[in-house]
Amino acid sequence: AMGGNHTQPKFILLGITDTPWAQSPLFGLFLLIYIVTLAGNVGLMVLVWVAPSLHTPMYFFLAHFSLADVCYSTVISPKMLTDLLFGNKTISLAGCVTQFHLFALFATAECHLLAAMAYDRHVAICHPLLYAMVMSPRACWRLVAWSYLVASLSALVYTSCTFGGSFCGPRGVDHFFCDASPVLRLVCSDTRRSEAAIFALATANGLGTSVVILLSYGLILHAILGMRSAPSRARAFRTCASHLASVSVFYGTLFFMYLQPASRHGSQDKVASVFYTVVSPMLNPFIYSLRIQEVKAALGKCRRRMLNRC
């Protein structure tokens, strides 16, 4: 029962900081980060779409990863920016539920997409002759569909556990977006079962996908060390380096946030949250496009084509 929601259907997002002088610089910083995130990820998606040399499974997954990045930073950043600018920090119950649900969906999808990308690298390096058959367009679409299906079902469970109790009393969400642990603190019924369910599902998603990633990289490392020529070893390392970098950024902060009991959550959570909700989506296009020769080559080709048209 959503008790008490009839009288006061709003929450107040307390934000990153209540220091008045910090609001404007933070607004400027986060606006810049958000613009760069959109430009970088949309740019990468367009490039993968228009450049035939990037029509490979790896870039197919990368384009979907960029799409998830754009979506989940858009679920969080615009609201955070308007709160910093205007100081109007209220959010309706429906707004809060929607924000959390979409955030959970895209964040979970990213875990599964990162696992699909690790599997793709494993097949490419360990079974190059079978690569075209194993990673067929159909198989790639299935992996992406699976990522979104699991993410959608998980998000439904997370959302119903987070907002299933009754809210009566203070409505201040001690965060800059509606996340599970600060919202659960406002529930006046017993939340232990909800917390346990969220923890169990987050662990299953997080550990399940990270096991796939670790196994893939264990096999890749074994294959690379067995290679005779140094250039092919270097090339294999290069194709994996960018994926490993974004895995470390994403999982490092997510594990810090969600794989600890609710009682341990504190103010450092906000810093970790800023990292994976705001900074990580901005970093991904740079991690990939600066590290990978093919992206540079495709960019060069597109630039030349546009100059020829002018």
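Glycine is no exception: its Cβ is also placed from the backbone N, Cα and C atoms.
As given in TrEMBL:
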type     : residues : note
TRANSMEM : 26-51    : transmembrane segment
DOMAIN   : 40-288   : domain 'G-protein coupled receptors family 1 profile'
TRANSMEM : 58-80    : transmembrane segment
TRANSMEM : 100-119  : transmembrane segment
TRANSMEM : 139-158  : transmembrane segment
TRANSMEM : 196-224  : transmembrane segment
TRANSMEM : 236-259  : transmembrane segment
TRANSMEM : 271-290  : transmembrane segment
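Contact counts against the transmembrane segment (58-80), taken as Cβ pairs under 8 Å, peak for 271-290 among the stretches 139-158, 196-224, 236-259, 271-290.
Contact count against the transmembrane segment (26-51) (Cβ pairs under 8 Å) is highest for 271-290, out of 100-119, 139-158, 196-224, 236-259, 271-290. Predicted-model confidence for the domain 'G-protein coupled receptors family 1 profile' (40-288) is 87, expressed as mean pLDDT.
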